[in-house]
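First, the structure itself, so that you have it in front of you.
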């Protein structure tokens, strides 16, 4: 009996060891399958991507030379025009006021705004390439949202400046002191930087599929998010919330400021006084109308028609045309700027 018991015990031990080896083999096979599956998934992950393709405004080869020449001339006009505004304001002591301090900051932001998109577009046309690296796309997206946000906030601050100047002229220099002006500009940069950083970090968590063609001439946030294979619900919620808070809030502030300005102008008895008061804010009102009008048209039309190509074409208005027209609008309608430019160029 003892011999039979030992044999059965020995067979049980052998069977247990074989069963353990089989379980280890199954676990090892599962780990190999999981690892290969994860590697296949990570190959489409945003952190593993090497490049996107920017399709641009047109894929027709015969139009590339025309687009290159047009955008190069517009970019040079934007840079030199806004640079002249900055130099004129800084060189003339009579223009060291809050209004022209904000104007010079707006010109600086417009130069940076166009420089985030147009040079890369021109380079791609020149080299006949549509490639932008993953890192370059995220960087371009970050700076585009940064400068667009600063542009938005500075236009709002300029509207507030005109509101104080027309509605509270006796307290203007007390309210719009240099400390407050510097603080408003600093807050504009900080809020825009945090907003663009949040959106960029939210894009970094996304996974992308094999279709990496962006139907735009730069890495526009909404276009990049649409290429993702993962859930983008949180990205869209944050986008809508920030657009309503940081876009709708300043726009409402501008409308409120100009409603007060118009009511104050209507209360001026003389026609000459009305014209003088309105002329001080006419240039800024025209720039605000161009910026918000074209931007709203782009995003509302793209939402309604879902046409990426039409959205890319319409985006040229607020990304290129409006920054180019700003120095012309302010210099042609402002005698102080024209005098400062004449003195600067005369030197």
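First residue shown is number 1, and so on along the chain.
Every residue gets a Cβ built from N, Cα and C, even glycine.
Feature list, courtesy of TrEMBL:
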type	residues	note
DOMAIN	81-330	domain 'G-protein coupled receptors family 1 profile'
TRANSMEM	12-33	transmembrane segment
TRANSMEM	66-89	transmembrane segment
TRANSMEM	101-122	transmembrane segment
TRANSMEM	142-160	transmembrane segment
TRANSMEM	180-198	transmembrane segment
TRANSMEM	237-256	transmembrane segment
TRANSMEM	277-300	transmembrane segment
TRANSMEM	312-332	transmembrane segment
Where else in the chain does the transmembrane segment (237-256) make close Cβ contacts, counting only residues six or more beyond its ends and a cut-off under 8 Å?
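Those are 149, 152-153, 155-156, 159-160, 191-192, 195, 198-199, 202, 221-222, 225, 288, 292, in sequence order.
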Which one, 66-89, 142-160, 277-300, 312-332, has the most C-beta pairs under 8 Å toward the transmembrane segment (101-122)?
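Most contacts with the transmembrane segment (101-122): 66-89.
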Do any residues of this chain, six or more beyond the ends of the transmembrane segment (142-160), have a C-beta under 8 angstroms from a C-beta of it, and if so which?
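Hits for the transmembrane segment (142-160): 99, 102-103, 105-106, 109-110, 112-113, 116-117, 184-185, 187-189, 191-193, 195-197, 199-200, 218-221, 246-247, 250-251, 253-254, 257-258, 284, 287-288, 291.
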Name the range, of those listed as 66-89, 180-198, 312-332, that has the largest tally of Cβ pairs under 8 Å with the transmembrane segment (277-300).
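Stretch with the highest Cβ contact count: 312-332.
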Report the mean pLDDT of the predicted model across the domain 'G-protein coupled receptors family 1 profile' (81-330), rounded to a whole number.
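Mean pLDDT, the domain 'G-protein coupled receptors family 1 profile' (81-330): 89.
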Taking residues 6+ outside the transmembrane segment (180-198), which of them lie with a CB under 8 Å of any CB in it?
98, 101-102, 105, 141-150, 152-154, 157, 160, 238, 242, 246
Residues of the same chain, at least six outside the transmembrane segment (312-332), with any C-beta under 8 angstroms of its C-beta?
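Apart from its flanks, the transmembrane segment (312-332) reaches 56-57, 71, 74-75, 77-78, 81-82, 84-85, 103, 106-107, 110-111, 113-114, 117-118, 215-218, 220, 283, 286-287, 290-291, 294-295, 297-298, 301-302, 338, 341.
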